[in-house]
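*Asks:* One structure, as structure tokens, below. Some questions next.
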Amino acid sequence: MIVLSNGVRIFINSNMNKDIYLGIASFGFENDIGEILGIAHLLEHILISFDSSKFVANASTARKYMSFWCCSIKGKSNYIDSINTLISWFFNNNKLRDNFCLNDIKNHIKELENEYYFRNEVFHCMDVLTFLENGDLYNGGRIDMLNNLESVNNMLYNRMHKIIGPNIVIFVKELNKNCLMLIQNSFGTLPSCPMSFSFPNFSNIDGKIIMMPSPFYTVMIKVSLSISNVISIMCLFETYHLIDYETVGNDLYVTLSFVKESDYENFINGVSTLKFNNVPNYTVLSLCDDFLMNAYLCFPWLSNDINNYLSTVRYSQNMFKNLEEDIQNSILLKKYIVVYPHFSKTVFNKNDSQMHKIVILDCLNEIKEDQLPKLNVNLMKKQTKNEIFIKYNDSSLIKYIIFAIGYKNNILRGNEGVSIHHQFSSEDIKSILESDTFLKYSKSKPAAMYQYLLLSFFVSGYSIEDILLNRESTIKLLKQYNNKILFGKKSRYDITTKSNFVCGIIKNKNINNNVITNTMWELKKKGLIYSMEHTKIDKRIFYIFMFTIYPDEVFLYLSKKFLSHCLIVSKTGNIEDFSSMKKDVIIKLC
């Protein structure tokens, strides 16, 4: 690790897929509390800008931090180009960017509203911890920010000037003289301390039960913020599923999720306890770069390589014993937060400023101090990398898709089905997918199904009526029978579903993945969409799908860009109506 004179920390991570990865601590949406919620997320969208034909890049805003990364595309750009591109997001002519075009701000606010819509159609993305801290359940920014553009612009300026050197963490794939000089002349010029300070007023959030949509019964237990506990949690994350951590303000929580309600109840009632007796004696942790960046930003006193702490702390069973006792003591004192699966839209006792509804209760269970646990919690151990292949006509398809999305597993779409890479045993996956809570959770967001239902409409010979009879699966893709797609006179189908989206097939003699990606970014810059999924159907034909609150505008843009198209425009309604979706099936007799 290299520390610049102003406190910027630089790590060499030759194993990551990114060229450069930058994080800014104390810069997430937790800092929006008391201001306009969504400023942090808006700033992230404004800052990142790149040529998608030369680079792959992304950014994200979390509760405590913001992160950005960039990677060159081989043959289109090089490593130093990536470094310069990421630097350009923050600096212009060696000066910190703090003046933003109002028209760009407007478009990005529209994009944020599309992201909110997308996330609420596909996920349950409510952050209860920030809500308990006096924020909202959703803190990513809404379209009503357009009503306060002058204030928003001032807050963006002030937020940029709160970036300081000690809060910057940079991972680079390699560190040569040129790369180091570029970083020193940009992020190395940031001040060591901010010009102004703000201290968010956090509420006491312990001893609460939150009832909300969730696939698991989750308990977040407050533990001491010590180097020993942090390294212990990292070792546990490397070893087991359903164990992670959260940081709220200056507090550290271990999160433990249960598939069965009885296991959860035994734990919070002191009948069972955690025993970490089977954690391997790690000398190196193979944590992904996202997890490492999260750790360095949440725990700024981690000033060395994570793996160095394994020997410095001299992690042992005694280290885990201390964490076990810390957890058990917090359970006894109700220093924890519970997320209890709850799917009713009509039962609630709290709402945030955006009128999102939720149930929050006080923990009332009592554990006697002399009560000794009789059982050990069964933990799901991580396996070596496994792969599942699910055919499109499998009735379990949607469950597996939601499972994969929830765990951020890679989903690879093929002609006949999807491949999902994971680290679960077959028994553990079965127990999760067959649990009542996961079944309710997977059915609580039906919008994810539309993408696959309508894909099958275009590539199979089946009618929409046949396809709708098989909602739990999709009709098997019939590409192996060499179906040929002909573009007829009708290029638009208007339907009514539970969601706003545009999908369909587009054709162009020069179409490829790059053209599709560029199209997505053009639509994003206009504030018309947040994300676009695509599947290659033939050499010159792609299927695309995107949620949007501006379906007519998206259709107009796509119909002008791709002359050969057949698109479905869905608008929200109480009763689904697919009656306009008629197609001709031509059978060629040989």
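Placement of Cβ uses the backbone N, Cα and C atoms for every residue, glycine included.
Okay, these came from Swiss-Prot:
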type: ACT_SITE; residues: Glu44; note: active site
type: BINDING; residues: His41, His45; note: Zn(2+) binding site
*Asks:* List the residues of the same chain that sit at least 6 positions away from Glu44 (active site) in sequence and have their Cβ under 8 Å from its Cβ, in sequence order, or write 'none'.
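*Replies:* Those within reach of Glu44 (active site), by Cβ under 8 Å and sequence separation of 6 or more, are Ala59, Ser60, Thr61, Met66, Phe68.
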*Asks:* Can you tell me how many other Cβ atoms are located within 10 Å of the Cβ belonging to His45 (Zn(2+) binding site)?
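*Replies:* Cβ-Cβ neighbours of His45 (Zn(2+) binding site) within 10 Å number 24.
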*Asks:* Going by DSSP, is His41 (Zn(2+) binding site) sitting in a helix, a strand, or coil?
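*Replies:* Where His41 (Zn(2+) binding site) sits, the three-state DSSP reduction gives helix.
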*Asks:* Can you name the residues of this chain that are 6 or more positions from His41 (Zn(2+) binding site) yet have a C-beta less than 8 Å from its C-beta?
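*Replies:* Counting only residues 6 or more apart in sequence, the Cβ neighbours of His41 (Zn(2+) binding site) under 8 Å are Phe29, Thr61, Leu112, Asn139, Gly140, Gly141.
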